[in-house]
Amino acid sequence: FQLPADLTKMHLTDNPHPQVTHVPSSQSGCSIASDSGSSSLSDIYQATESEMGDVDLTGLPEAPVDSEDEEEEEDEDIDRTSDPLLGRDVVRECLEKEPADKTDDDIEQLLEFMHQLPAFANMTMSVRRELCSVMIFEVVEQAGAIILEDGQELDSWYVILNGTVEISYPDGKSESLCMGNSFGITPSLDKQYMNGVVRTKVDDCQFVCIAQQDYWRILNHVEKNTHKVEEEGEIVMVKEHRELDRSGTRKGHIVIKATPERLIMHLIEEHSIVDPTYIEDFLLTYRTFLTSPLEVGNKLLEWFTVDSLRDKVTRVVLLWVNNHFNDFEGDPAMTRFLEEFEKNLEDTKMKGHLRLLNIACAAKAKWRQITLQKPSRDSPLFFSLLGGSDKGFGIFVETVEVGSKAAEAGLKRGDQV
């Protein structure tokens, strides 16, 4: 299945169900919430637990510890989900239930399947969820069967799940629609009539149908679930209200659209219970809407000077280093950012956080070989070392002269020899 590519239109658009939905690829500033999240820092915390009395680790994710039985169950789950036919059977089983009989798990299964279809690409998560809860499953077994006659009054919105249909228009033109495309009513309570004849082109065509009343109600009440943040008369962020279960205990706002600047700022703001992995998601996707990671790095250095933001900034950098160390190791400018950030931690005597940073860097760094040629025996090295057996720890590069042959060769402060 093709995932929706246009993330700039995640909220309802003026025409949410074109006859054939083309989903162009584009860059956008969007947060995509994920259930998987990124790797946590729990291993680092455990390594320093005895020395970390001064560090508040509240809110940072922890990696689960699985038993062998749980690992076997996970392997079985992976086997089940990796079988597309079995996955499709599960979806069909959910579809065949009456709307009143669908459980939360059924709706989540349908949501996972439906969000990959172009017809649902430009809708918010809450709209998709509501549509999944009311949709009806229909199967037309014969090819050539007429689904809608020309001039017939419409009462439903249809999305094709399997097979192909053809719309023959009165002017002689025709159009083929395949899996993921939609046809039928628009979100209005006005009487609407079919323009053309819709018939199946192959056997076993499968559809989901949503009644006009439900379709209109859900799509026209989308505004109540969104909150728009304005600055100087411009909308800079759109949040969507979500409830992750019917009990109402897990609900809140999640960012679905924003300007790049506002997405960066949200890194140090409070995150909703329904958007706990915002930082990890941002760090995973920022290159799709920012030209340079320094746009983030420079803001973090600026915010570090504010006492109330210091812990939040440090948390972002620790997660960044732990989950995406390549962003720093392969970029000299980002290496300098990391050195400056480390110096800031030293200056502010945040020794616990500094130790976390050093352990994260050591754990993620890769072995590499550097050859540095000296023109003569007496030539300077342009770098200094620290440590050794008399110090009780390994040998590390303490300083590297900027612009020197050592720096050009790739030697960096903090390298262990």
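First residue shown is number 1, and so on along the chain.
The backbone N, Cα and C atoms fix where each Cβ goes, glycine too.
As annotated by TrEMBL, region 'Disordered' applies to 1-84.
The compositional bias 'Low complexity' annotation in TrEMBL covers 25-42.
Per TrEMBL, compositional bias 'Acidic residues' is recorded for 65-78.
Taken from TrEMBL, the feature domain 'Cyclic nucleotide-binding' covers 119-219. Restricting the average to the domain 'Cyclic nucleotide-binding' (119-219) gives a pLDDT of 92.
Summarising the annotation, TrEMBL assigns domain 'N-terminal Ras-GEF' to 251-364.
Under the heading domain 'PDZ', TrEMBL lists 369-417.
With DSSP states grouped into helix (H, G, I), strand (E, B) and coil, the domain 'PDZ' (369-417) comes out at 5 helix, 15 strand, 29 coil. Note on the domain 'Cyclic nucleotide-binding' (119-219): DSSP counts are 20 helix, 39 strand, 42 coil.
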